[in-house]
């Protein structure tokens, strides 16, 4: 049985927990409508502070998660996984709790209703009370929570997050946040009781308090070591993210709130603190990724699915979300800035069997790949990423979706021909994509309808199926291209490749493989019970209720993957697109060839077996 105040009662309410802000909103609206002065707007002030506190935590998270800015200054190298995200899902419950406590404080002390906007003495009193009372009180309280009984039943929740994040600062039990409210309240109420309180003090102290807590939990070192070398005593007055990260990894040192002075006095200062801080600040993380998946943005809306925007949304498969609408204008502006100035950048990473796997993003959106005047620039961006990976010592770089478009760069052949001495292996991953699609087909299938039939994938699928004596209805107007593919098949199998020019030809075929966008009207030609397999990006609309639709070709990563905390576009947790998985297999198998251009049909089964051998599974 859980001990009192060790669990949050709002845990099962989901988003409906925010209804509890309703009374404050109603009181603020009523007061604002009926009051002629601003002295009774304390409900509004509490709501504003709550919103600003959430924003502070979000901004620190966004900053620390922008790996293209912070990668070298990360302290704990592993990534934040789905388990930690779920543990911290309701990290903001403490803001709601402290809003309730603040409401009680305002009702208990009417003098807080009529505070001046500014009072310099109040800030001085608050600083003195914080340094002399709040800091030692928190230090003692924190050490107390690390005793066996309290740690097990209360503080272990906070330490269950292996990689500190700004949201980790809010992930703790109600008892801890009640005591933290007392620690925060002493300077504010103390200054007010001494007749020097102010509105600015309340806002300033609470937000600076949260800012420093988020900084300490950011897992990114932001304070330069030169600062402490120039002013040595400063290291006892302000902690660093490195300082607090050591507390999370070792747990028996560095207990202070913000001032290491009390750790020094209590003999709990970690001896490695300053050397580690110097190393992180000066050298940083220079690890070279072993594998890179080179992706691109699909569209403006899905660009907000990035992990550094809203973590909870990014940790679930992408869907259109109304919560993202307010930041849509900012996303549009970012698209224009990326088009004008940006280069390929680090998006996210995970670890697998001791190797570092990264996803880089080409700063281009899906629609831009179809603009004739943009193609040269896109190829330059892809080439820049390949050359950078080659210089760094990356083993394999896998091209995603439109980055390997045949009309753009010949499925990657453009770069191999231009740079024949590349050490990095460039891979389109489509051999495994074809394998995934082919292994989805029912064993008893005798006929399939194939759109996008003369594309790289369409060709490979048609050649593979005709060898199995399966009739392939290839939708194309180009007889020349179809005959070229047909001639690649063994003579006795060529009859199984049949050209069709209209969707009506497939009205009796229940297995459709879609490699080119089809409209709802075109889908109507499929008979009831048809299953749409697809390798078209973006996926087709699920229009027919009497038919079934497959997802894009994808595979589940091995179970021993570590630090994976975001979903790849519309795919489920732990699932990646087949071209991504194809690059992973290429690396794990140690293949030394480039996989670009046309798909080697003879290797489809080989790559499929290799994927299964390494623990990847069909999604």
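Cβ coordinates come from backbone N, Cα and C, glycine included.
TrEMBL: automatically predicted annotations, no manual curation.
Here's what TrEMBL has on this protein:
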DOMAIN    128-268  domain 'Fatty acid hydroxylase'
DOMAIN    448-618  domain 'Very-long-chain aldehyde decarbonylase CER1-like C-terminal'
TRANSMEM  46-70  transmembrane segment
TRANSMEM  91-110  transmembrane segment
TRANSMEM  122-141  transmembrane segment
TRANSMEM  178-206  transmembrane segment
TRANSMEM  322-341  transmembrane segment
Distant-in-sequence neighbours of the transmembrane segment (322-341), which means Cβ under 8 A and at least six residues beyond its ends: 297, 300-301, 303-304, 309-310, 313, 363-365, 368
Other parts of the chain folded back onto the transmembrane segment (46-70), taken as Cβ under 8 Å at six or more residues beyond its ends: 21, 24-25, 28, 91-92, 95-96, 99, 102-103, 106, 165-167, 169-170, 202-203, 206-207, 210-211, 214-215, 217-220, 307-311, 345-349
Helix-strand-coil residue split for the domain 'Fatty acid hydroxylase' (128-268), DSSP-based: 99 helix, 1 strand, 41 coil
Same-chain residue ranges lying at least 6 outside the transmembrane segment (91-110) that approach it to Cβ under 8 Å: 8, 10, 17-18, 20-21, 24, 42-43, 46-47, 49-50, 53-54, 57, 167-172, 174, 177-178, 180-181, 184-185, 189, 192
Model confidence over the domain 'Very-long-chain aldehyde decarbonylase CER1-like C-terminal' (448-618) (mean pLDDT, whole number): 94
